[in-house]
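Reading through the structure tokens given below for one structure.
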Amino acid sequence: MPERLTEMLMDTWTPLIILWITVIPSIYMAPMNQSQVLPSGSSTGLKRLTEEQRVLNRSKRGWVWNQMFVLEEFSGPEPILVGRLHTDLDPGSSKIKYILSGDGAGTIFVINDKTGDIHAMKRLDREEKAEYTLTAQAVDRDTNKPLEPPSEFIIKVQDINDNAPEFVDGPYHATVPEMSVVGTFVTKVTATDADDPVYGNSAKLVYSILEGQPYFSIEPHTAIIKTALPNMDREAKEEYFVVIQAKDMGGHMGGLSGTTTVTITLTDVNDNPPKFAQSLYHFSVMEDVALGEPIGRVKANDLDIGENAKSSYDIIEGDGMDIFEITTDAQTQDGIIRVRKPLDFETKKSYTLKVEAANIHIDPRFISGGPFKDTATVKIVVEDADEPPVFSSPTYLLEVHENAAINSVIGQVTAHDPDVSSSPIRFSIDRHTDLERQFNINAEDGKITLATPLDRETNMWHNITIVATETRNHSQVSRVPVAIKVLDVNDNAPEFASEHEAFLCENGKPGQVIQIVSAVDKDDPKNGHYFLFSLLPEMVNNPNFTIKKNEDNTLSILAKHSGFSRQKQEVYLLPIIISDSGNPPMSSTSTLTIRVCGCSSDGIVQSCNVEAYVLPIGLSMGALIAILACIILLLVIVVLFVTLRRHKNEPLIIKDDEDVRENIIRYDDEGGGEEDTEAFDIATLQNPDGINGFLPRKDIKPDLQFMPRQGLAPVPNGVDVDEFINVRLHEADNDPTAPPYDSIQIYGYEGRGSAAGSLSSLESSTSDSDQNFDYLSEWGPRFKRLGELYSVGESDKET
């Protein structure tokens, strides 16, 4: 630090004055400096004050000071004396003790409690803390009682130039348009200095350019960078590297400095026109190239970039302005030449075009520099290609009458090979367009003939496709649509438009219009339809009806008299001849049915049947039908009831010519009721599981086992079931292992509530021969039938 102070004293008078004011007085003259030591009035004067005065008057402070100063960054072998505290109450007897408190008291600042000297124990930095607030007080050394009220003072750290300027936001980047005039604003830089901007020139900065001249300049105090040369061209040099210096102490010698860099880029302006790389372009193209296909590219270079380099291309002259077009490729900025119309080598073999490239965005400031466009010549050569045949017309329309003869010519198509070689042409019909093969074509001359008869009323139009193929190169094919219209011939007779049925009221009047009929004709004459109506010759003198032709090509049927009666004649048939006006005329006979009906007084038809006369008054046909349906339903019910009763009264005696299975199925009249869960099934008698082996009983386990007997084959439908049952019964009776139970049906339980008890023989101790079934006749007619059935069975066994 002493070397730094010496250097400062040598550089300028300003540091010398600061040093004299702050350092020297604080070290050597502190006792005499009123700012450092400010004594008050003497204490003896205070002692001579009367008691009354001391009571009435406030005691005056014996010592006062405002602030002290200490130089930052000062370091020496001993602590630096900042100042001295002194009070007039101090007689020099060392009975007063000075106390210091506040910011840094005891650590940074230490006071001699006897002399009041304040020393700085550490090196101070103003940029860290610029001032310290402390409190001083004088107390009695023996009693520690305050002699004066505490006083507050400030120790300020005086600045020295120990911080260099800094560019906090650097490095900088800036842009300026090319070709700018001198003095055009570029950017502004800012440096900061941590030194005290108020005290001295330590923070007074001056800016200058170290690198970047003579292109740019900077304002020394505002740090604004401007252009220093006119018309700087981006195409020559786009980027500049500028070094800026900021120096404190007002730029004088001994000041500290800092630097930063500014990268300045020139932005593009449209100051260059487009320029073709060559003045003449040559392209060749086949004559069969597809429309819209690109055939070549031209390029106009522009030294500018971005929007300023965009150009548009146009064809401004040439013999192919309507044949070709040029567009701009947005990505490459090329001019693309495309075919706009078909080319024909045989017609024209070359074209010459003049194309122009012009900037889209023009800067008005540089318009005087010349036209921002350029031109070039393009020559296009058309090369020959093998082309398909060309028809004489793009479409054909032919007409033929529907009565045209088979193989008659209805039209002709022609085509030729446009190439110089002129290959022969063969014609054919695309059969996908003529599935019914109604037409043929001569392969040599293209004449179309009729293959099948045509009917205009079925199909008025036929659309076919004719194919022309070169004989030398079958890949060269052309197609043309041919529309064939079938012309009308009067070959259809007119007829009624619909099946008419007229209604004639019995109370009608003579001359009343019964029906208006119209006719239709499938033919389509040029002048429209005109029909002639007439009655058959034998019906001309018809006494009942007459006809009248209307102006709208319809016919009215009129009654000649009144008094028609349904009882006399219900239906009249009136044949009518309909003729058209064709050549030759066609006619047909249609019959109109006229039905006599009963009508109301307003002429509204109510009934047209003769039966209406025999119906009761007030009873309609619908009501009569409902009554008849009810009667028929009742008759059906009665018949079904009688049939069921007759089936129930039939005897249950089994006869040889009857199917016993039906009687067995019906043997459930006196069953066990709802609690009998066993139901008879004829399949039990024909169980296939028991055919080839022994089937044990499910209710009684046999005590003895026996060899299975040879089973019988399944019984086919239609055999004598009675014989089958008897055979099975005989086998069961002779089987010692089989329990005694009825093989036809098991009645193990007859249900509760049966007066007859159980009918099963399983619980009976007697044999079948010991039983008498006569008592069953006492239980009613149904049990009597059952007794007869069992009696018949016993007699059969004996037999």
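Cβ coordinates are placed from backbone N, Cα and C, and glycine is handled just like the others.
What TrEMBL records for this protein:
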- 755-770: compositional bias 'Low complexity' (COMPBIAS)
- 87-167: domain 'Cadherin' (DOMAIN)
- 168-276: domain 'Cadherin' (DOMAIN)
- 277-391: domain 'Cadherin' (DOMAIN)
- 392-496: domain 'Cadherin' (DOMAIN)
- 496-618: domain 'Cadherin' (DOMAIN)
- 755-774: region 'Disordered' (REGION)
- 613-642: transmembrane segment (TRANSMEM)
Kindly state the mean pLDDT of the domain 'Cadherin' (392-496) in the predicted structure.
91
How many helix, strand and coil residues does the domain 'Cadherin' (168-276) contain under DSSP?
3 helix, 46 strand, 60 coil
Secondary structure content, the domain 'Cadherin' (87-167) (per DSSP, counts of residues):
0 helix, 35 strand, 46 coil
Please spell out the DSSP helix, strand and coil residue counts for the domain 'Cadherin' (277-391).
10 helix, 57 strand, 48 coil
Can you tell me how the residues of the domain 'Cadherin' (496-618) break down into helix, strand and coil by DSSP?
7 helix, 54 strand, 62 coil
